[in-house]
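J.: Take this structure first; my questions come after.
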Amino acid sequence: MKVLAPGYLAEASLTALASGCQALSTRPYVPRGYSLSRRNDSTPIYKDASYCIDERVDDLLARMTIEEKAGQLFHTRLMDGPLDDEGSGNNAHNSTSNMIGEKHMTHFNLASDITNATETAEFINRIQELALQTRLGIPVTVSTDPRHSFTENVGTGFKAGVFSQWPESIGLAALRDPYVVRKFAEVAKEEYIAVGIRAALHPQVDLSTEPRWARISNTWGENSTLTSELLVEYIKGFQGDKLGPQSVKTVTKHFPGGGPVENGEDSHFAYGKNQTYPGNNLEEHLKPFKAAIAAGATEIMPYYSRPIGTEYEPVAFSFNKRIVTELLRNELGFDGIVLTDWGLITDGYIAGQYMPARAWGVENLTELQRAARILDAGCDQFGGEERPELIVQLVQEGIISEDRIDVSVRRLLKEKFVLGLFDNPFVDAEAAGRVVGNDYFVRLGREAQRRSYTLLSNNEDIVPLKKIEKSTKFYIEGFNASFIESWNYTVVDSPEEAEYALLRYNAPYEPRPGGFEANMHAGSLAFNDTEKARQAKIYSAVPTIVDIVMDRPAVIPEIIEQAKAVFASYGSDSNAFLDVVFGVSAPEGKLPFDLPSSMEAVEAQMEDVPFDTRNPVFKFGHGLSYANPCASSSSKCS
């Protein structure tokens, strides 16, 4: 089934001109009550699609003031709602109309849930109308963090809402099927384009070599070869073989690999600012980025962290010229856009929590000096900031040349032309409601949820539960009784009353304070002693089947030992769990990382070295199947 992106036609093509340039030929969708200006003798070159893209960029750049150029270098959040809304208190912000009309900004990250595709498309169309009313009419590029799975944490991702719902990236890695990854990316692209989103702030290709890190669920696991293989399909699914009007551009992150954070703490926070390489293994973490560049990655984002104990200066990667210019651009040959992670210049708030600027290693620099340092490092655009006046000041004071600004602005404008935004930035809002979350897309997501389940243990082949009576009684935790009752089984109040127990648990973590920080699952990977004792009573009372949501590699040897069967899942609903338990679907997943045997083993392993944990309970690649329960290298089956 092929669903065309609203506002664009399948026959849209790139026409080669005699000059060797490429000109864009499209038949635009235009919202009712609005018209795109027609070409005439006075049409500027940059608005004339018969010219090649490089000529159009040159023409536009020559017309821009330094203030208009400065606005292009900023990419910040966009909140759904009135365009003149400025928020209040800790959520105060410049209004959208101010950022577009006064600050000349044209890159925004949609930072709110999408609950109605048509309304979101209409909202983005209104933003494009506002942008076209400015002096030069530069269209807006709207981006998003991942929003096709189960994670809800402003700053890292959103639940699917009206979009089709799939496993997290770590679940696609468990499935190990390049075709499914490509299909996911193509579906997500169609749904993004339908509402007007043209930039994906993903994939996250960090290697999960530090199992305590809070951001593993959006990675592809611990293995660089598997990560590299799958990310190629991911990028090509979003962008196509070449970036164009049918593409959603991707932002590959977090260079040079965000996984080896010291003690597993995340560098959003000052206590997690260090990235360490005790195994001298930086090269391993670069492999996915090399694959991404070869696959056509057009934009790369460095992480917040600062390297310690290496040949590099211990300053955050976006401030680090040897990382951005010498390593990424010169050594790896990347000539695309480098977008910083969010909030490196200005202190601010995320989810109501105060967050100092993540200027690790250069905290003592002024905001102006930080901006200059980032540009000098080789970055093009400031994420999560809305401070064009700093760029204007840098140029006016002779600290940064306007020619240097032009280098980055040229990259950013060219991307807009390649995406076709200058020729038609609008989408068909009514069609968006038909494309987003359509039955076919939803079915594909549900199939992937079920297939990605990983069967870790299956004592006495207890699963699938196929030959049980309708009078069977279940004790459950972690999901609503209505899911079981829809199968016409009975839910009871205690394990002692039940014939089976079905438990769904999140992987263990230590709760943290704060609005944003509280959503980051960090700290210990093991349940505390009180919780272990509570669970043990269930396992001793009734045959128990456990599903652990593996957003991180859980330390659960006691559950493997005591429960009858244990699954790992990576983003799935309760219907998917029950379909796998009752044999409607079969688990096909393989572990995308090692499962450590203890926290002592976790603490002893080197942060930058994959598969460095001592005596893992299960190794990378473990996964049983219903057809052949011992189809793995696990000693449990020997």
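Using the three backbone atoms N, Cα and C, a Cβ is placed for every residue, glycine included.
Swiss-Prot feature annotations, pasted as is:
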ACT_SITE  Asp341  active site
CARBOHYD  Asn40  N-linked glycosylation site
CARBOHYD  Asn94  N-linked glycosylation site
CARBOHYD  Asn116  N-linked glycosylation site
CARBOHYD  Asn223  N-linked glycosylation site
CARBOHYD  Asn274  N-linked glycosylation site
CARBOHYD  Asn364  N-linked glycosylation site
CARBOHYD  Asn480  N-linked glycosylation site
CARBOHYD  Asn488  N-linked glycosylation site
CARBOHYD  Asn528  N-linked glycosylation site
SIGNAL    1-18  signal peptide
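How about a rundown of where these features are and what they're close to?
T.: Long-range Cβ proximity for Asp341 (active site), meaning a same-chain Cβ under 8 A and a gap of 6 or more residues, is found for Lys253, His254, Met301, Pro302, Tyr303, Tyr304, Ser318, Arg358, Gly383, Gly384.
In the three-state DSSP classification, Asn94 (N-linked glycosylation site) falls within coil. Every protein chain considered, the tally of other Cβ atoms within 10 Å of the Cβ of Asn94 (N-linked glycosylation site) stands at 15.
There are 17 other Cβ atoms within 10 Å of the Cβ belonging to Asn116 (N-linked glycosylation site).
Within 10 Å of the Cβ of Asn223 (N-linked glycosylation site) there are 21 other Cβ atoms, across all protein chains.
Annotation note: Asn274 (N-linked glycosylation site) sits in a strand segment as assigned by DSSP. Of all Cβ atoms in the shown protein chains, 20 besides its own fall within 10 Å of the Cβ of Asn274 (N-linked glycosylation site).
The secondary structure of Asn364 (N-linked glycosylation site), as reduced to three states from DSSP, is coil rather than helix or strand.
Sequence-distant neighbours of Asn480 (N-linked glycosylation site) (same chain, 6+ residues apart, CB-CB distance under 8 A): Ser574.
For the recorded site, Asn488 (N-linked glycosylation site), the DSSP three-state label reads coil. Applying an 8 A CB threshold to same-chain residues 6+ apart, the list for Asn488 (N-linked glycosylation site) reads Lys470.
Within 10 Å of the Cβ of Asn528 (N-linked glycosylation site) there are 11 other Cβ atoms, across all protein chains.
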J.: Cα of Asn364 (N-linked glycosylation site) to Cα of Asn528 (N-linked glycosylation site): how many Å, rounded?
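T.: About 40 Å separate the Cα atoms of these two residues.
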J.: Out of the glycosylation sites Asn94, Asn223, Asn274, give me the one sitting nearest to Asn116 (N-linked glycosylation site) by CA distance.
T.: Asn94
J.: Round to a whole number and give the Cα-to-Cα distance in Å for the pair Asn94 (N-linked glycosylation site) and Asn223 (N-linked glycosylation site).
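T.: Approximately 42 Å lies between the Cα of Asn94 (N-linked glycosylation site) and that of Asn223 (N-linked glycosylation site).
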J.: Using DSSP and collapsing to three states, where does Asn116 (N-linked glycosylation site) fall: helix, strand or coil?
T.: coil
